[in-house]
């Protein structure tokens, strides 16, 4: 259940305009059975200034969302400070260290992966990040499309997630996308 989804975050500049998008599939899997095909695993936070998405246990992810949103509010939307404080708080709490979820959070300037161990990882290129069972498929597709095609950002996210959905049995092509 920990990896059974695909979430893709993408930020940058297109035609001299900054963008930030997050997309995810809608499949919820319990063991080897699909129990829902249209779940929403992405959210807009802090007055639509930060995007987030999760992979993993739904109950754990909602706990993480709530905690991260509280910290983000206290830091007045400063994403960098929020992820650092989030990681510190996560590592101090025995309960949180056992949560089986990962998150991507991003804005116009940063893309971070928050791991199940409390680690904060900035995307290698600070542009594209993916998590979940189809994450590597989506990440590879997004990097290739970003490098070789001049696609609108929304189309790039959609096509990358479709490729992941075609290859990963825990990911479907019922795609939801949010953008700043």
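Placement of Cβ uses the backbone N, Cα and C atoms for every residue, glycine included.
Feature annotations, reproduced from Swiss-Prot:
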ACT_SITE  5  active site
BINDING   165, 168, 171  Na(+) binding site
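The shortest Cα-Cα distance from the residue listed as 'active site' to any of the binding-site residues (165, 168, 171) is found for 171. Spatially close to residue 168 (Na(+) binding site) yet at least six residues away along the chain are 6, 133, 134, 137, judged by Cβ distances under 8 angstroms. Secondary structure at residue 165 (Na(+) binding site), taken from DSSP and collapsed to helix, strand or coil, is helix. The residue listed as 'active site' is surrounded by 31 other CB atoms, counting those within 10 A of its CB over all protein chains shown.
Counting every protein chain shown, the number of other Cβ atoms lying within 10 Å of the Cβ of residue 165 (Na(+) binding site) is 22.
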